[in-house]
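Database features, via TrEMBL:
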type	residues	note
DOMAIN	7-244	domain 'Sulfotransferase'
ACT_SITE	LYS16	active site, for sulfotransferase activity
BINDING	LYS16, GLY17, GLY18, THR19, ARG20, ARG99, SER107, TYR207, LYS222, GLY223, ARG224, PRO225, HIS226	3'-phosphoadenylyl sulfate binding site
DISULFID	CYS208-CYS217	disulfide bond
Amino acid sequence: GTSRQIPQTIIIGVRKGGTRALLEMLDIHPNIVVAATEVHFFDWDENYMKGIDWYRNLMPFSYGNQITIEKTPGYFTSPQAPGRIHDMNSSIKLLLILRDPTERVISDYTQVYYNRVESHKPVQLFEDIVIKNGVLNTKYKAIQRSLYDVHMEKWLKHFSLDQIHIVDGNTLIKDPLPELQKVERFLNLPSRIMSSNFYFNQTKGFYCIRSDGRERCLHESKGRPHPLVNSTVLEQLYSYFREHNAKFYRMVNHSFDWH
């Protein structure tokens, strides 16, 4: 009695915002099934050309009462993704998880740094990438990805604000349950996720998941320690994002506790 369904909900981003944590935590819910990997259907032309049946075949089997969710953080910053998703399903519900944009830049750098170290490639200090000739390197991809207002503008051309639920990534890590309950309500699902589904792992410094009689934590690549960043550079980043953040708050009628 199961079949593969095109997702009724997509986690569209943002990269290093907590998309994996959100997906794994939602997977606790009996009415949710999740795609195992990032699909990159709407942001990579070579995948999009393969067509909707190719996309559906990458989804898990589900029952009629279950919602299928996939997450690809690259969608949020992709110029093509909003229109393509709208063409597939104009009434779809979207989840967007965000965190402090400066923290997100540092986390983005940290992931690339460790990937390069593991591949024995040369690495640069954070400050040497972010500052060029004494000024902020605003062309740095990680900074571009944190301009939430710029990207959100593209999504709001295709979807109404009530179709996009914003999850506070900073709160999800510190206290997951209230954020997940908001998602349950947004998706019109019965309340099934409980505080007993989480336990704090002192070693990792964040919450792990307990469900179906087993315990699991996010992959060891998650929650890696960030480099200590020069305070002057931090201030330059805070200052640069301030206006973009204010614009974003006005767009979504909601403020966040960001620098």
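Note that Cβ sites are derived from N, Cα and C of the backbone, with glycine treated the same way.
No curator has checked TrEMBL annotations; they are predicted automatically.
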Going by C-alpha distance, which of the binding-site residues ARG20, SER107, ARG224 is nearest to CYS217 (disulfide bond)?
ARG20
Compared by Cα position, which of the recorded positions LYS16, SER107, ARG224, HIS226 is the closest one to CYS208 (disulfide bond)?
ARG224
Taken over the domain 'Sulfotransferase' (7-244), the predicted model's pLDDT averages 95
When the number of other CB atoms within 10 A of each residue's CB is tallied over all shown chains, which of the recorded positions LYS16, ARG20, ARG224 has the maximum?
LYS16
Identify, among the recorded positions SER107, CYS208, CYS217, HIS226, the residue whose Cβ has the fewest other Cβ atoms within 10 Å in this structure.
HIS226
10 Å Cβ neighbour count around GLY18 (3'-phosphoadenylyl sulfate binding site)?
28
How long is the line from the C-alpha of LYS16 (active site, for sulfotransferase activity) to the C-alpha of SER107 (3'-phosphoadenylyl sulfate binding site), rounded to the nearest angstrom?
6
